Amino acid sequence: MDHQEPYSVQATAAIAAVITFLILFTIFGNALVILAVLTSRSLPAPQNLFLVSLAAADILVATLIIPFSLANELLGYWYFWRTWCEVYLALDVLFCTSSIVHLCAISLDRYWAVSRALEYNSKRTPRRIKCIILTVWLIAAVISLPPLIYKGDQGPSPRGPQCKINQEAWYILASSIGSFFAPCLIMILVYLRIYLIAKRSHRRGPRAKGGPGEGESKESRPSPGGAPASAKVPPLASPLSSTGEANGHPKPTGEKEEGETSEDPGARTLPPSWAALPTSGQGQKKAVVLAPAEEEAEEEEEEEGDECEPQAAPGLPASMCSPSLQQPQGSRVLATLRGQVLLGRGVGAVDGQWWRRRTQMTREKRFTFVLAVVIGVFVLCWFPFFFTYSLGAICPQHCKVPHGLFQFFFWIGYCNSSLNPVIYTIFNQDFRRAFRRILCRQWTQTAW
């Protein structure tokens, strides 16, 4: 039988080149995600196993589905065995459904982590996450079985053998609801609930959260190291008021700033075991420990080990850049015109737990935001296809979209498999650092 190809030679070459790049990029990007989660110390959380499974599903789409879809698109007919057509259709539904059910499970995980933080985080073990992932794949497998069991009547085609999923209206609507619309509704409702919880928590403000460093100053007790157990942080002021040398006139000796008493009641008390560190210079206040090193995960520090240079901060005393006051590893410096406020690693067990908990909550918020972006992009990519697919089943005579537009929506859905690594790179600094470390290591090994 003479088959007429649907595209010209130039269009066929262009489409083949673009889709081949899509396949390679999808495999490379998602393999990088899996490698980053399994090898990086900054991505050890059990919930990241969801991302490993999701990346595996995207790799399977790129290797087992997209190449055959490309051949079917360019040839205009199904070139391969009939049995493989049935397996191909079932796998297509399986991987697409597993992706969205993964996102649905991730949404529920986010909700439980936000609404029942202490209770759920104690139960969120790798074993529990793996059981949830297995359940996700079983649900997707159940939804993908009908193409193997009931093939429907596809009828002859003038363009040769075709490989299409069941075209009956009941199956189209049932599969669209089960594979896309129902999970989407669950995700939207869950994330709406997460947003309301976060908004209510934000309204409460820091007073309701409590923790070290809040409340009135308590009597200092000596710590095991001999330093006072609590220290006061001087309130930050404007450059003019803080130096007492506005307009070039020094403040008279013994004159206090407005609102400042000898006991400095406005100063915040630091948690126990945070010792004060002296700075050089007569008139400078003591530098005090401000925050533990665990919080450095909240800041994006692209370069490490930078040394303090006097030229970089004109107007500051040179003593503040002396070797004795350089920032220790794992600490940060807040430099003001009053002096230098330096933090260190020495925190007590209770305070360390509080700060670790705060850092964990910050990462949870960032992770929730990144996954909201992932879900939003997934819905944007697949909604046009499922909407037009269902619309054709509801009113096939008057609502059917042109074939070219439908195929465009079909391929936009496949493109989603390559986007998650890009989203992680843009919105998550932990993944960004892990990707850079892996790629730089491979580049170094290749160079040598």
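Cβ atoms here come from the backbone N, Cα and C positions, even for glycine.
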Tyr7 vs His403, membrane side identical per Swiss-Prot: yes
Whichever of Cys85, Cys96, Cys308 is disulfide-bonded to Cys163 when Swiss-Prot is consulted: Cys85
Where Asp92 (site 'Implicated in ligand binding') sits in the secondary structure, as DSSP reduces it to three classes: helix
Residue among the recorded positions Asp92, Cys440 whose Cβ has the most other Cβ atoms within 10 Å: Asp92
Tertiary contacts of the topological domain 'Cytoplasmic' (39-49) (same chain, 6+ residues out, Cβ under 8 Å): 106, 109, 113, 124-126, 128-130, 133, 297, 363, 367, 430-431, 433-434, 437-438
Cα distance (Å, whole number) from Asp92 (site 'Implicated in ligand binding') to Cys440 (S-palmitoyl cysteine): 35
Residue distribution over DSSP helix, strand and coil in the topological domain 'Extracellular' (76-85): 4 helix, 0 strand, 6 coil
